[in-house]
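Heads up: the structure comes next, in structure tokens.
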Amino acid sequence: MKGQNVTLQDIAIELEDTISPINLHCEEEIETEEVDTPNPFAITATCYACEQVLRLAVVTSTEGIHQLQQLLFDNLFLLCAACSKQVFCNRRPERNGP
């Protein structure tokens, strides 16, 4: 500050002195990475036991939906609510694990 009375110009001069001399407004561009955002997908499959049509809605990435597709083609099977209830209710509770 210069003198007894503080002016806006004095404060601005002090700020200029404390600011780093590095030019932060350079023309360098940073590459942005593409992020695979989750998307909604509708899946139609059939029940493993009774072949009733099942419809699922999931939200996942493109990679996630490909992984699910591979599981459904390989060795993952879905059950409808009725078949699931029948399978799990007819088992003893201690056998409901792996």
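Keep in mind that glycine also has a Cβ here, set from the backbone N, Cα and C atoms.
The feature region 'E7 terminal domain' is assigned by Swiss-Prot to 1-37, with sequence analysis given as support.
If you look up Swiss-Prot, you'll see 24-28 marked as motif 'LXCXE motif', on the strength of sequence analysis.
DSSP states for the motif 'Nuclear export signal' (65-73), grouped as helix (H, G, I), strand (E, B) and coil, give 9 helix, 0 strand, 0 coil. Taken from Swiss-Prot, the feature motif 'Nuclear export signal' applies to 65-73.
For the zinc finger (47-83), the list of distant contacts is 36-41: same-chain residues at least six beyond its ends, Cβ to Cβ under 8 Å. Per Swiss-Prot, zinc finger is recorded for 47-83.
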